[in-house]
Structures are given as C-alpha cells and as structure tokens.
Amino acid sequence: MVSALDRKALRDLLRLWAQVLAIGSVLACGVMVLVLGSGTRASLEASRAAYYERQRFAEIFAEATRVPETLLPEIAAIPGVARLSPGIRTTAVIDLPGVSEPVSADVRSLPASGRDPVLNAPLLRAGRLPDPLHPDEVALYAPFAEARGLMPGDRLSAVIEGQRRSLTVTGHVLSPEYIYTIGPGSMMPDDTRFGVLWIGQDAAAAATDMSGAFNSLALQLARDAVAPAVVSALDRLLAPYGGTGAHDRTDQISHAFLQSELEQLGAMALILPPIFLTVSAFLVNMVLSRLIALERAQIGLLKAVGYTTGAIATHYLKLAAGIALIGTVVGWGAGWYLGAAMTRMYADFFRLPWLIYAPSAWPFVLSAVLALLTTLSGAGRAVWASVRLPPAVAMSPPAPPVYRRGLIDGLGTWAQLQQTTMMILRAITRWPGRAAVTVFGVAASVSVLIASFFTYDAMDLMVDEIFTRANRQNVTLILASARNESALDDARALPGVIRAEGAFVLPVRLRNANREELTSLTAHPEHSELSRLIDDKGRQVQLPDYGLVLPEGLAGKLGLSPGDMVTVEALAPPRETWAVPLAATIRQTLGQDAHIAAPALFRLMRQTPQVNQINLQVDATQMDALNAAVKSTPAIAGIADWTRTRSQFTATIEENLSISTVIYSALGMLITLGVVYNAARIRLSERAHELASLRVLGFGRGEVAWVLVGELMLLTLIGLPVGWLGGYGFAALVVQGFSTDVVALPLVVNRQTFAYACLIVLATALAAALVVRRRLDRIDIVQALKARD
Amino acid sequence: MSIPVLRTEDITRIYRTGAVEVQALRGVTMELSEGEMVVLLGASGSGKSTLLNILGALDLPTSGRVFFRDLELTRASDRELTRFRREHVGFVFQFYNLMPALTARENVALVTEISEDPMRPEEALERVGLGHRLDHFPAELSGGEQQRVAIARAIAKRPELLLCDEPTGALDSATGVSVLEALCEVNRDLGTATALITHNAGIQAIAHRVIHIADGQIAREEINATRVDPKEITW
C-alpha cells in the first residue's frame, strides 16, 4: 500500500514534469558520460585482452640485423622468458596493376613447420595461410587486401630486398601486432598505401639471406619475470648481432596507439561528469527550495496533524531521489547506446577481429550513487530550512522579502534606469545565491562548449605547424639503407623534383641515470628549408652546433633539463654510446623523437655525412612520374606523400571531432536549458503576483516579460566571461588529459571559439526564457492577483 | 448634466469551473460620470469585485457591452485594453499590490515612466501625505502608508478613472479614514471619476451616489444629498 505522502511525491514529480525533466537531463549527461567513457574503455580493453590472449601477443619485442638460430637456447635461458618466437621481418614495395603510387609493406615470416607462430599468431579471416612449401604464396593483411580488392587466388608483384617477386594471395589475416597500422614515414593509417605480407620462413630467408638466422624476436614472459631485467639481458645477447634495443609493449606502435586512445577515454570519464553532477545539484536545490516555499502551509499542516520532521524531510528527499532515478535511467540508456556505437566506431578504426561490448558494472553503480548523492545534497539544505519551522509559523504566509538600499540605488539614479530594470537588479542583489547558480550554470555551459570547440583550434594549429611550418616537403623517400650524400643528386634527378634535402634518422636509447627511453634521433642538415623544427611560438628553432634538442615530454620522462648530459646509445651502426649535453627542449606536437644538427651527429659518429631519408619538394603535376620512378628504384624502401597525409589527417580528425562536438554542444546546451528554464519557472511562480500587477498598471506583455526574461539574460551575460575563464581552464585539463606520447595537443583557444560558445549559450538561454514567457502571457491577471489575497 | 466616462450595458459574467457554473453578474447596466464618486456596496460574494474587474478591463463580461467614452472595451484588442489601463485607469487594491523590490518613489515612478503627462512621483506622494517616506521600501511602511503609496501610484498618471477594490479592507479605522481622505481629495482636486467598492456600509456616506449590489445585480441606487467628510465616519 502506497502511503499518502508517497502518492504526493509521485504526483509532485508528474506535476513538475518539465522542471524534473530539465534537471534529469543535466544529471543524465553526467551519468551518460561516465557510463559511456568507462564502458567504451572497458569494452575495448576486454576485446583487446581477448584478442591478445587468443593470438598470444608477445610481451617483449626485439629486432637485430642478423642473429644465428644457435643463439636461441641462450635467449630461452634468460630467467623469466617463458616462450620465444623468432622470425624474419623486412619491407617490400608492392606493385599493383593500374596503381601509379608505390605501396609499401611489412613482410613477416611464418614458421617453416606450417603451424601458427608461437607468438603474435595472425588470425585468418579468409582463405588459408601460405603453404611453407610454396615460396610464392602470401597471406595479406585483411584491411589492405580489402582496400585494394585483392582476393585469394589473385596475384601481385612485390620488390623484396631488391628482388621482384610474383606472389599468389592465399588468404586475408589480422594480427594483434597490427591493430593500428602505420606505414614508414607516415602519420596516419592508410590501408591503400601500406600493407603487411606473411610469407613462409624459407621464402623469407631466401629473400633476405637469413638461412639459419632471424632478425626479429618476440618473447612471452613467465609470471614472475622482471621485464626490464629480461630486456637488458636480451639487449646484451643481441648487441653483437645488431640489436636495435628490445622493448616491451609500451613501445610497440599498435599497442601504444590503442593504449593512448584508452587513456583518453578514461580522461573523458573523469573530467566531465563532475561538471554535470554539480550543476544538477544546484538545480535540484533551486527547484526544491521553491517547491518547499510553495508548500510551507502544507508542511505546517502535516506537522500539525502529527507527522514527524523526519517523515516530512524523507518525503521531499524521496522527490529528489525520484529525479535522481530518472536522470540515472536516462543516462544509463544513453550511455549504453552511445557506448556501443562508439565501441563499433573504434573497432572500425582499430582493426580488432571482434568486439565484446562488455561495460563493467561499476560505472553504472557509481553513476547511480553519484546521481543520488548529488540530488540529495542539493535538496538537503532546502529541506532542512523548511521542515524545522514550527507548524504555526509554517502555516502562516512567509514574510515579504525585505529589500535594502545599496549600490544598486546609486547606479539606478545615475543611469536613470527604468523601474522595471531596477526590479531586475534588486531581485538579483536580494537573492545573490540564486543568481550565482544561474551564472554558474551558464558558465559551465560555456566552459563545456569551449572545451569542446577549442579542439578545432588546437588541431588547426597542429595541422599548420606540422604541414605548413615544420614539414614543407610534399614527399619523403625512405631509403632501404643509409647512403652518402650523393644520393641527394640521384633524388634531384627524379622527375618533378624541385628541391631535395637529406635527413638521417638513427634509432637510439637515451639514458639519464636509471631512466631510459627508446626513440629515434633525427639529424637535420644545416640550412634546411623543407623539414624544420618549430617552437611553440611558430618560430624556426636553430639547432645548436652541439647538443640535443628534446621534446618537453621526453625530457620530462628522463628527468632532464637543458645543460644536463644525456647518454645516447646508437641502436644501429656505429652502435656506439656518446654523452651529449641537452641543449634545449621544445614543445613538439607530434611524436617524441630527438633532434641534433647533422654535422654534430656525424662528428660523433666519426663518419662522412649520410642520409637515410630524403625530403622532396615536388611539382604536383609530376607525381605519377615520380611514383613510377620510385617503384623501379629498389634503394627506396618507402615513400611518404605529405599532401595525401595532410588530407587524411584532417579528414580523420574532422570525422572524430564532429561527432564529439555534436555530443558536447548538446550537453552544453542542455545545461543552459536546465538552468535557465528552471530559474525562469521559479521566478515566474514567485513573481506571478507582481507581474500581474504590472499588467494591471498598464504594462504590455512585452514590458512585463522584460522583468522576467531581462533578469535571466542579464545573468546569462554575466555568466559568459566566467565561462570563458572556466572554458580555458577546462581546455587546459583536456590538453593534459588527452595528450599522449604520440600527440601533444597545444593549448590554444581562438576568439571565434569564445564567440561561438557565447552565441550558442545566449540563444539557448533566450529560447528557454521565451518558453517560460509564453506561460507568462497566458497568466490570468485576476486569478494571479487573487492568489495572494 | 455630467458626461459619462464609463458605462455598461446589461453585462453578465459566468464562471465555469469544471461542471460548476457560477453566475457572478446577472445583467448590470450603470454609468460613471466625470468628477463623480460612486460607492458600490455589497456583501461578500455579491459580484462587486467582478464588476470592478470588468470596469477596469482586467476581465471581460460573458455578455453585454462596456464603453469607455467612445471605445467599446468589449470589442477592443489586448493591445487596446493595455493602453486603456495604462493611460486612463488607476487601480487601488485591498492588498496594495506594490512591488516589494521598489521604494515608494520608485513604485510611483513605475507608472509615471510609461504615462504621457504624469505628476512627478514626489508630488503624487506628497498629495497622499507621504512626502517624508519617499525612499522606503514597502516592507518598511505601515499598511496605511502602503495603501497611500498605492493611491499615489494610481493617481500619478492623472487618470480619468480611479477604481478602488476594498481600499480600507485591510486597515484599522483610523488608518482607513486617512486613506479615504486621500481618495476624496484626489476626486475633488483632479475631478477623477472614482468607483470604490466595499462591504462596509459606514463608508457610503462619502459618495455622491451609492449603488447597492446583491446577487450579481444592482439592487438599488441612492444619491447622497449631503456628503459626509471621511473624518466624521468610523467603523
């Protein structure tokens, strides 16, 4: 049997449906973001874990020039190594009929036994794996095969280690090593330009002259293994064979990208919900305060007939809990739905073979508890203030509000303000707390919008920095091996080349005391015009004659500041270790590679200048001819087309941003809607009598509405600059939360972004206020005047 | 012969709430002339407030016609009714209906700001004897003072019509007398046609004419041969 009080609570919820819905939606946003962020993250993590587990994704990875298989027992004997899987890895340029641009590929070997590799087993999606006895058979990375329409049975031609080979496709595979694939020298996955080929061990060995040897190794660790110890031991064993430094999963490109995406999702679930929950707490407080004010007499009556203070307080808290329930259920639903959609989107971007949408229970429980606490804390003060009144006091009408003279009066006289405007100003100063809630809500909206829109500004700056200021080449050639500078002359002879500059990239391990990081060191030639280093002011950084320049993030990880000495260990010939001072740090948007002036590096190496990358400025109309020439040049292992990368980069970012922008705009508008609508309704109910009196005195509907709408719009205007500050701070949080090893988002908010956020919030606030104005227009003057009598 | 400012022709007003129908007015025809002070006297529920609301265009009759000079209020648009109230009518209510957020002076200024040829707010307040309480908020004034602010607000626009709904209903006798004095002075000095409704029979003596309302109709009319000064009445 539902008690009479409970029935009242239920009817109150129904009667106040519009306000309940407005608060509930704001609350639902917080709940949704929490469920969405952590749910998507949990699902991706679960999918990835299952994939890693099933395909035995390795824990330690190492590469070397050529390691004899006789070393394997020694490696297996390293304490902590559970399983190991040697293989051969090289690169290829694929020649597809009718495709002018060169397509590069990773080549991976499959065990001669014909069985799956011990670790990093590819997952067959179509056809079959190559027969070890048929060296001309190849399995293709499925997204590449699909992008190029290569079906089992089709043939393709590839240049591997300088030899052209004709291969037959046997099947499509996916691999845990290639959840996120990126070609050499490029920045974005491009399934049409980069693929992976799996061929038999013997075929790979023959192509690379690796009989009885391997150049790539994957390890799985025993449960009690100490990974850094294994890495050091492995490095010692592989050093004589050209080891380039073993590393764990954190330096495995595909894993690192996916991991950084997961961290961003976690950040989203952490930053946003508190904003929505706080706003809804204030809203609940506002609405319940008003509701209770209107019900003073009823509260007095309930007390008079013998209800305890506790019972009455519980009644109103149940009302608050009802709002929490609505917000939670809506938020759960939206979070679940969007989480599944977002997980699907990620699955598309990251090549996972299957998707387990498995949000864990805790975000649901946590969000429900938070929603409940939010509304209860919002209601608590209002409830407490009313229920403690003695019944006789509660039953008599409240004393009229007392206004005092203050600064406003001086302002009013000085500016000769209209009396209706004075009413607005006095109402604001009389209830500053309530005005503050509206201002805070509006500011929160503006902040959310700015924090969402500024990502465009940051991306624009990034694109400008990366593609216009830092990299002015439109093509980068990746050479198969280091060459002397005469290679530049060869490059200049290629069709369409206007300018050619060399670069030398060396894999290194940087060390400071006990901290170390794997990275690559780029040697920049003097007077470089194409590839340049840019600081955070957009100016070109002049590399010092001697010493390293590191990105701030990397220097921070190593605990280095300018002037400190860094140990640089070259992981490719000449495989020496040097002590070099850190000359400067820069804010680097993309990547974590280190920089040095070319003459300085070659002095350290005691070698004549070399190049292993060539940056080109090319006549755009000659690209086809250049591509054709590159395809027939075995010395070129890969080609990066910056123009294409730029358009892909922008397209991908815009696609991802447009979705989140739509979501956050909606969230930001919901806050304004919830705050302003509730404030307007409350104001209307409190001042119906006053506003009706104005109508009696001969004020038109518009003039009377001004008292209501004007107050809210004034508060909205005050909220805007507060929101700018909040938005900037919020943007800084986003930059911190979303920057990873791969991308360091710059903190930049354009004026337009501030303006857009303001316009959206102003328009939303006006719409909310005007909806309430329609109620005002419908007020029956006689009834409103009677209400007080 | 005095010129009628306001007249009604056989007006009725029926309120419907759900299935219940209440006939508040049952065919009222009356006139109010320039400079005249009329007291509408009737028991509670007799329909006198409904009549006053219709006279002031706060409400419309269910049938019948209402004219303000040549303007037929019963056919006027919402905008015309607003202008009628703004330019020609002053209201005084039992519970004052002041804006709590505005001082006495500002409450009057509220009206003078939107009128064409108003008095200065200070002048209106002096006329009702409140020249020394200009900057007080309603909460800082006594009931009689609040009502006098309401009267000052009603007359500051120099209305042709002053409609008062139980203006002394919430006041004690002595305070009420001071309010009535203010109303009589305005009527005399400005020639404002004044309709005052009350259930207090003691007040009728101050009027030129008394209209008795009962059961939604005019029961009878009397013309006072001699008016009594408010000072001389008590209740």
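Glycine is no exception: its Cβ is also placed from the backbone N, Cα and C atoms.
Per TrEMBL, these features apply:
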{"type": "TRANSMEM", "residues": "A:16-37", "note": "transmembrane segment"}
{"type": "TRANSMEM", "residues": "A:265-288", "note": "transmembrane segment"}
{"type": "DOMAIN", "residues": "A:275-390", "note": "domain 'ABC3 transporter permease C-terminal'"}
{"type": "TRANSMEM", "residues": "A:319-340", "note": "transmembrane segment"}
{"type": "TRANSMEM", "residues": "A:360-379", "note": "transmembrane segment"}
{"type": "TRANSMEM", "residues": "A:435-456", "note": "transmembrane segment"}
{"type": "TRANSMEM", "residues": "A:662-684", "note": "transmembrane segment"}
{"type": "DOMAIN", "residues": "A:663-776", "note": "domain 'ABC3 transporter permease C-terminal'"}
{"type": "TRANSMEM", "residues": "A:705-734", "note": "transmembrane segment"}
{"type": "TRANSMEM", "residues": "A:754-772", "note": "transmembrane segment"}
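The listed stretches are A:16-37, A:435-456, A:754-772; of these, A:435-456 has the most Cβ pairs under 8 Å to the transmembrane segment (A:662-684). Of the ranges A:16-37, A:360-379, A:705-734, the one with the most Cβ pairs under 8 Å to the transmembrane segment (A:265-288) is A:16-37. Taking DSSP states H, G and I as helix and E and B as strand, the domain 'ABC3 transporter permease C-terminal' (A:275-390) has 97 helix, 0 strand, 19 coil.
Of the ranges A:319-340, A:360-379, A:705-734, the one with the most Cβ pairs under 8 Å to the transmembrane segment (A:435-456) is A:705-734. Contact between the transmembrane segment (A:360-379) and the transmembrane segment (A:705-734) does not hold: fewer than three of their C-beta pairs are under 8 Å, each pair 6 or more apart in sequence.
Confidence over the domain 'ABC3 transporter permease C-terminal' (A:275-390), given as mean pLDDT on the 0 to 100 scale, stands at 82. Look at the domain 'ABC3 transporter permease C-terminal' (A:663-776): DSSP puts its residues at 98 helix, 1 strand, 15 coil.
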